Amino acid sequence: MSWGTELWDQFDNLDKHTQWGIDFLERYAKFVKERLDIEQNYAKQLRNLVKKYCPKRSKDEEPRFTSCLSFYSILNELNDYAGQREVVAEEMAHKVYGELMRYSQDLKAERKHHLQEGRKAQQYLDHCWKQMDNSKRKFERECREAEKSQVTYERLDNDINATKSEVEKAKAQFYLRTHMADESKNEYAAQLQNFNAEQWKHFNNAIPNIFKKLQDMDERRTVKIGETYRSFAEAERKVIPIISKCLEGMVSAAKAVDERRDSAIVVESFKSGFEPPGDFPFEDYSQNLNRTGSDATISNTPKGDRERDGAPGPRPDPKHAMSRTKNKLWLFGKKPKVPSLEDFSHLPPEQRRKKLQQRIDELSKELQKEMDQRDALNKMKDVYEKNPQMGDPNSLQPKISETICNMEKLRSEIHKNETWLSEVEGKQSSRGDRRHSADNHHHTPQGRESPEGSYTDDTSQEHHTPRHRTGPPQPGQPHHDPHEFDDEFDDDDPLPVIGHCKALYSFDGQNEGTLVMAEDEVLYIIEEDKGDGWTRARKQSGEEGYVPTSYIDITLEKSSKGSSGRCSCRSVCCGRRHVQPPGGAA
């Protein structure tokens, strides 16, 4: 249906309608703008949320629990989801909002042009009507004047008193007015014919063509709005597959949570390498009481029979037994606080090994960077030497020297930490082997366990430099240094005696570094148990070595308890702490 044939007389209403169509298009464009602003703000808030909950520590320091890793995966997927919301906003901004605003400007210009053409056509028709109307009025006026002159001529012609000249003059005036009326008539007829023709062309050609153009413009506007509706939906639908993948990734992250693996990580992260403390020994305070006949019978039972019957053998002095175990049971109590040391000797063995290995890795990376920098500087120096115009090679020498100095320092640090690491690993392996060897060759009485591996709360033993004493090597282990124990036992000055002990059980000391002892033999104590279950002792003949702490009853000298000092040996490898000899002599 054409506007030109049906709405030929509705120019003003079509003017208002086309203006409403453009206003509606711009209103929809404003709606799209607000929608894409919402998408952009939503994406921004999602990214800020992800940033807020992302770990601020390095990946090496983050816990590796599956629940944590899955949460970080969900954060990554949510970050990708936020990116898709940004894509939606960009699509709406370019293909919908931007397109609508450009099209709106074109429509305004086109509408203005068509309306100007309609107004010009209307103005021309009005001009033709005015010309026709003027000619009509002139024709009417000339006819009235001709009629008046005719009446005057007829009156004078019938008047006998009128002169001939007056009659001739009235007759001439009559003929003149009649001629002018005829000319006005012809002009009016021509103007009328021209107006009718222009009016027909105006309402049958000009106005229909203009209205047709306005109709095409309005229909194109309607089609454009429909296309942008589709683009508005397509912007959202295009990202649905990727959003679905993000959600699937979140579901996969949820399925990746493994409680058993997390428990294993907890064990690996916090295990100390120590063994649980042994049973508390029975403290028999009735030994000094007068025995009755039945008691005497029991006391006169041979020692071997008592052991076969399951009766406990002689026990060490309770005050010493209690002193060795009273601070070991911190399972539900508060673990003693110790300051951090450079060699991490304040940590349990397993944690100390991890920290040392981590430090060695970091130092190795720094060393590699320094080596790369040295190589780069040397190459640059060679270039300067071959091309002096590029620079002075001597200007690089201070930087090269500094780099080499840094490399030496890093190598020294790596060597020092590797020494501590080998010490920890050696102690851990030798501790297990010693206990295994002792269990194989000597049957510890029932209810008695070697306290090797138990934790000691004696902070005076852990606030100083690391001890370089290692346990005696075990069979099957590589023997790294044939003089490994020379620094331990061949010191220029013997270690001071800090107490004595009595052997509760015999020990054959088959492993290197151990000391053979017979049951009830009295030995001198020269070094206390450092937490690995072995005590260093010396025979009266001067022979020194390690014996199981659980096999002896120790009595320390009062003057040596709690005292501390440096070892009196002058060996360069000795970094041990030893108690001061009685009297404070070095």
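Placement of Cβ uses the backbone N, Cα and C atoms for every residue, glycine included.
What TrEMBL says about a protein is an automatic prediction, not a curated fact.
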Can you identify, from 118-145, 146-173, 454-481, 538-565, the stretch that TrEMBL calls coiled coil?
146-173
Just to be sure I understand, if DSSP states are collapsed into helix, strand and coil, how many residues of the domain 'REM-1' (346-423) fall in each?
72 helix, 0 strand, 6 coil
Mind checking how the domain 'SH3' (496-557) divides into helix, strand and coil residues in DSSP?
3 helix, 29 strand, 30 coil
